[in-house]
Amino acid sequence: MHPPIDITAIEAKLNFTFTQPKLLEIALTHPSYKNESAVQIEDSERLEFLGDAVLGLIVTEHLFLLFPSMDEGTLSTARASLVNAKACCRYTTMLGIGDYLLIGKGEKIQSERGRLSAYANLFESILGAVYLDGGLSPARKLTVPLLPPREEILPLMSGNPKNLLQQFTQKQFRVLPVYQSTAVTDAQGNVSYQIQVLVNQEVWGEGNASSKKEAEKIAAQQALDTYGNKNQNTMDV
């Protein structure tokens, strides 16, 4: 048997009341605690597996709505930074639930690495439990407030010239760049794409490549090279 768990205190931190408190108990049970238990109990690994998928969905939806013009590759880059072990560990710390983890005496979480893994898994298992008990809505309400604000997510995407250009034009002109594409087929049947990027209906850059995405990046980089250099004082977006 595990020691008494203050269900009410944990629910207050999660801002969620379980109809099946047993799910919360399971979510708090680290595999090492199960291994040292004299009686058969269920550990958190299955809930962790579920919570990982739920977290991915919630973060994907959040980014999709927050950045309506970002391409999927850039969104994936940002998502990876918001669902990794370091991020999940931070969410557990923000919720203040780490001390409730039931962990075996032989498990070392004194080191930063040990705490990172244990806390990250705890958040995912808790999220899985909330989802099973209440569905996607309370799982979303638990997760979204923990995510960093828009201005802190943007740097996660800044390696892509399209994103840098978008940040620049939004800050300077409150408009989004527009990409116009023309497909060109040569005599051998090879297709390439000619892209123009327009800002306020003015052509800022052009790109040509066999991939539409790559041509857009080339056009965006040309726009940054030309117009960004003219506005170096305002490029820190």
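Every residue, even glycine, has its Cβ placed from backbone N, Cα and C.
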### Message
ASN121, GLU124 show up in Swiss-Prot as binding Mg(2+); which entry in GLU45, GLU48, GLU61, GLU202 does that record put in the same site?
### Response
GLU48
### Summary
Apart from the site residues GLU48, ASN121, GLU124, the 8 Å Cβ neighbourhood of the Mg(2+) centroid comprises SER44, GLU45, LEU47, PHE49, GLY51, ASP52, CYS88, ALA120, LEU122, PHE123, SER125, GLY128
### Summary
Rounding to whole Å, the Cα atoms of GLU124 (Mg(2+) binding site) and ASP52 (active site) are apart by 6
### Task
Quick one: pull the CA-CA distance for ASN121 (Mg(2+) binding site) versus ASP52 (active site), whole Å only.
9
